[in-house]
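Now, the feature entries from TrEMBL:
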| type | residues | note |
| --- | --- | --- |
| BINDING | CYS180, CYS182, HIS204, CYS207 | Zn(2+) 1 binding site |
| BINDING | CYS193, CYS198, CYS220, CYS223 | Zn(2+) 2 binding site |
| DOMAIN | 177-226 | domain 'PHD-type' |
| REGION | 107-151 | region 'Disordered' |
| SITE | TYR179 | site 'Histone H3K4me3 binding' |
| SITE | MET190 | site 'Histone H3K4me3 binding' |
| SITE | ASP194 | site 'Histone H3K4me3 binding' |
| SITE | TRP202 | site 'Histone H3K4me3 binding' |
Amino acid sequence: SVPGIENLPCELQRNFQLMRELDQRTEDKKAEIDSLAAEYVESVKNMLPEERVEHLKKIQSAYSKCKEYSDDKVQLAMQTYEMVDKHIRRLDADLARFEADLKDKLEGSDFENSGSRSLKKGRSQKDKRSSRGRGRRASEEDTPKKKKLKGGSEFADTILSVHPSDVLDMPVDPNEPTYCLCHQVSYGEMIGCDNPDCPIEWFHFACVDLTTKPKGKWFCPRCVQERKKKK
């Protein structure tokens, strides 16, 4: 099972509730902006220059707050998406491992059945064979069994090593946007390039050799090269 997946509904409900609250704050702030703008237009002719500046600062402050709420809401939505996507990918990886284990067990079961049939056949003929013949028969039966176990282990290792990585290649929604240098959909931890003109914007940690979020501003490899060229 995937640890924490039982808490997913509660986490989703909490995030959606926060998004609704942020959305309501944004709408309230937009109404405040409309009111301040209408008041300014109505009274601007009778205002002193200082009063105009003060009123415009109020409107600007309200706009900044509105943008802050909207940015928080977008960030929360991305975190929620990544949280669900993370659980989906972990479930896909577990399913791939389960299918590999099941296939390995089925092949092992087929071998045991064939080995059992061979053993029964050997027992039915034991009265016709000498004790030397029985010893040779046993050694012959041991050899393919060991070979099979070795082959089965290699098969299992190969399957288990391939399937989890193949999860990233599973079909995705064609309408889902892609990001990063790898042109894949959003998953796991991602970091945004601080260049506002960056054509890609978001990158997977692993693709840019990051394990934790760096302090200060961060620029993607492509934008770093562009900045060096301009210098």
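Placement of Cβ uses the backbone N, Cα and C atoms for every residue, glycine included.
The average pLDDT computed over the domain 'PHD-type' (177-226) stands at 89. In the shown protein chains, 16 other C-beta atoms lie within 10 A of the C-beta of CYS198 (Zn(2+) 2 binding site). Proximity to CYS193 (Zn(2+) 2 binding site), judged by a C-alpha distance within 10 Å, picks out TRP202 from the recorded positions TYR179, CYS182, TRP202, CYS207. The number of other CB atoms found within 10 A of the CB of TRP202 (site 'Histone H3K4me3 binding'), across every protein chain shown, is 16.
The Cβ of ASP194 has fewer other Cβ atoms within 10 Å than any other of the recorded positions MET190, ASP194, HIS204, CYS207. Rounded to a whole value, the Cα-Cα separation of TYR179 (site 'Histone H3K4me3 binding') and HIS204 (Zn(2+) 1 binding site) is 8 Å.
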